[in-house]
Every structure is written in C-alpha cells, then in structure tokens.
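J.: Please see the structure below; I have some questions.
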C-alpha cells in the first residue's frame, strides 16, 4: 500500500510541475503570440513545423493538429531539409521552428536557408535572445520554471508547454476560420463523428414511441406525452399524422410564466406552427447543420406529404456527451 502511495505521490508531483509550467507560459503570453497568429492567419500556403529530438516530435503533433482543424501543415525534419526536402517549401508557406534553447545547430542551419528564400519564420523558444530567435520574424517565448525530470535534464515540462501553445494556436486559428463540425467530418472520415454524419438520417432517427398528440387533445394530455417521451418535445398532429406544430419544454417554461393558458386548452392553441423539420432522405451532416443553425436539439422527420416518420435528437448525431453546440 505504501509503495502504491509512493507511486501516486511521484506522479502527482510531476503533474503539479507540468501544471505550473503551463500556467507560467499562459501568464507570459504577450503580443508576440498575437503577431504569430496574424502570420498564420495571413498564410496562404502551408504551416511548416520543424525541430529535432523531442521538439521535433512535438512539431509532428502540431502539424497533425493544424491539418485536422483546417490549416494545411506538415513537418520538415531539419536534416532531411538540408539534404533536399527544402524543395517542398513554397514562398507562401510559414515556418514554425521549435527549440527550447534556441541554439539547436540543425534547426538554425536550415532556418538561415529558409530565411534567404524570403519565407516567414515563427520561433517557439525559451530564449528570446538565442540564435533561432534572431533568425525569426516573430518569437513566442515558451519558458517554464523547471523541468519535471528530477535531474532537470529530460525535456518534460518544456515539451508539455510548447505542445499546449501549439494547441492554443491551432484552435485559435480554427475558430477564426469558422471551422465547424461538418468540416471536421470532412477531415475525419474514419472517426466516430465522420462515420456517423455520413449516414442517411433515416438510419439514425427514432421511428417508434414518438411523442405525438393531436391538435384537439388537451394541453394536459400533450404534456403527459412529452413527459413520457423523454425528448423534451411533443409533436402536434393534424389529420393523417401530418405535422402541424411542436411544443417544447422551453415553450412550457415560458408558458407557465404567463397567465394565458389552461391545462384544458387544446394543444394546438399553444403549439409553434410550421416548425423546422427534415426529411428521411437527408444526410445526417445536413440535418446537423440545420440543428446547429437553429440551435435546436430535437427535429421531426417528415415525408413529402408532411407525415411524421421519425425524430432525431442531437445525441443521435453526435453521440451522447461527445459534443455540443458552440457558443
């Protein structure tokens, strides 16, 4: 038991040091970060990451994150670059170089050549007075108080911090481009969300035990149907199961704040007429677009004659707890 506690103690000490590092870097961010983001936003080419060792591994991950969130990127190894791979670079690209010390010889050597081509350079380093910093157009300081390694030698806190800064850059850039869930699906066809959204909505919609009530039924009955359905909505129908309107739990909350209602009222008196809906032939991705645009979580699915065929909830598209509407 004491040995287990010792492992936990050591692990928590390391995590505390790395948390301290991220907080320190967050508090240290300044206009240089904004300048780097302006460079990335203005880049009409690719974002090219470079670095060696652990910094190179972080660069590879950053390139993958940029690419998957709407900003084309790739990793260029400095040594391979010096032996011909610089031919992959274009004048409109932006290079992001990573080195904690800023004195990594292989990185600085290739940066000199890149600079001579007129390609813009952003440096991520702890030392803003380093050789790499002098070669860069923009320098973002990523300096941590200490490494989590007990010897203070193995890159630990420093790599965690620069990885977090890379994530911050990628997500900030993604948001500035209004990169949405449909874009995410396009770049992640093999992932959970991509596979789900490629399906037709008829494969995901509920078709049984739908929350239905007629226009002439009492409001009390309609609310009981809503309560039993568990979707927070009741669909109000006219003849032949045609959709006439909806009442949502939000409508009910607004209604009870007023005095102009009775449980004996016909449900149709309090419904929202001509509600937003989809048809069974639509893709899940297109239905998600509608739900996100209208900020609704439940959508009726109707055929070409407006007959109710099913219901889809946001969770059916994204998976319960996976994602939510962006604010």
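Backbone N, Cα and C define each Cβ position, glycine as well.
Any TrEMBL annotation is an automated prediction that lacks curation.
Pulled the feature table from TrEMBL, pasting it below:
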{"type": "BINDING", "residues": "77", "note": "Zn(2+) binding site"}
{"type": "DOMAIN", "residues": "36-179", "note": "domain 'SIS'"}
{"type": "DOMAIN", "residues": "205-263", "note": "domain 'CBS'"}
{"type": "DOMAIN", "residues": "271-327", "note": "domain 'CBS'"}
{"type": "SITE", "residues": "54", "note": "site 'Catalytically relevant'"}
{"type": "SITE", "residues": "106", "note": "site 'Catalytically relevant'"}
{"type": "SITE", "residues": "147", "note": "site 'Catalytically relevant'"}
{"type": "SITE", "residues": "188", "note": "site 'Catalytically relevant'"}
J.: Who sits close to residue 77 (Zn(2+) binding site): which same-chain residues at least 6 apart have their Cβ under 8 Å from its Cβ?
T.: 50, 52, 56, 85
J.: Starting from each candidate's C-beta and looking 10 angstroms out, tell me which of the recorded sites 54, 106, 147 has the most other C-beta atoms.
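T.: The largest 10 Å Cβ neighbour count belongs to 147.
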J.: What does DSSP say about residue 147 (site 'Catalytically relevant'): helix, strand or coil?
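T.: Note: residue 147 (site 'Catalytically relevant') is coil by DSSP, not helix or strand.
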